[in-house]
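These features come from TrEMBL:
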DOMAIN    B:36-158  domain 'Cytochrome c assembly protein'
TRANSMEM  B:7-27  transmembrane segment
TRANSMEM  B:39-61  transmembrane segment
TRANSMEM  B:73-92  transmembrane segment
TRANSMEM  B:112-131  transmembrane segment
TRANSMEM  B:143-163  transmembrane segment
TRANSMEM  B:187-206  transmembrane segment
Amino acid sequence: MKAKYTLVTILVLLLTTTIAQAQTEMADTMRSNGKIYVVVAVLATIFAGIFAYLIYLDRKLTKAEKS
Amino acid sequence: MRSWWWKIFGGLLVGYTIIGGLLMPVPRLDILNETIRNLYFHVPMWFTMIILFAGAFIYSIKYLNSGNLKDDIFAVQLTNTGIFFSILGMLTGMEWAQYTWGEAWSNDPKQLGTALCMLIYFAYAILRNGIKDDEKKAKISAVYNIFAFAMMIPLIFILPRMVDSLHPGNGGNPAFKQYDLDRNMRMVFYPAVIGWILVGCWIASLKTRVGLIKYNKEEKSLQSDFEK
């Protein structure tokens with residue numbers, strides 16, 4: 001039983017390494033499709049900033065209302 | 001933050017539309033090309049403006065009924081936020097038109113109608129600044145606000161539809177239906193509208209609360225003066 005498992009794991013390991021060598025895996029998402037993902041990331045960052053700022057203002061106002 | 005869930009919900013929806021709106025598939029149409037994605041961002045500005053102006057309209061009527069200056073603060077800040085969104089809508093529309101209709105301003109009936117509507121609301125802001133007495137200011141601007149909202153309906157919804165316009169859904173142009181049939185676009189467009197309306201209401205609520213704090217402070221100082 002044990003020998004079988006070790007054999008399978010070795011095979012799986014070998015397979016994964018060969019696949020990895022076949023197509024060198026890089027962080028390609030942000031560089032593909034004319035780099036549109038970068039623009040999406042920038043817009044998302046800006047909106048996240050505005051969103052955080054609104055939350056900040058809201059909390060500040062709640063404090064001002066209480067005092 | 002009081003009752004915060006709808007604010008977070010609105011923010012998440014807009015966040016989703018920024019990512020989904022740019023990455024999800026859209027129909028391939030001539031001239032429009034990828035600018036069809038502007039539908040997710042340009043149109044919600046107008047929806048938000050209309051909702052905010054409608055809120056201001058309701059609070060103006062409320063003020064005339066109650067004479068409570070707090071209702072006037074609601075009406076003013078809703079209108080101001082609405083004007084802000086109308087400016088954003090107009091600018092984004094002109095940017096879009098520059099590259100699809102060929103020029104930023106083509107005297108399209110809907111452009112003209114909206115410009116008139118914006119001028120009416122600009123006049124509201126100026127009118128308010130011109131009156132010193134608070135009660136008088138509130139009363140006159142409430143009446144004017146009701147008139148402005150009543151003018152907005154024909155200027156935006158009725159008149160542009162009676163003549164030929166470059167906007168979809170007017171005159172002989174294909175309507176929204178064409179895009180609406182596209183499931184993928186609907187999946188982003190509706191969340192975008194709801195999200196931006198919520199964010200717009202949130203901004204308006206922040207401004208209103210600032211106004212209310214100021215009002216309460218003045219009220220307090222007046223009272224203490226009176227007690228002296």
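In case you wondered, yes, glycine gets a Cβ from its N, Cα and C as well.
Within the model, the domain 'Cytochrome c assembly protein' (B:36-158) carries an average pLDDT of 93. DSSP labels the residues of the domain 'Cytochrome c assembly protein' (B:36-158) in these numbers: 109 helix, 0 strand, 14 coil.
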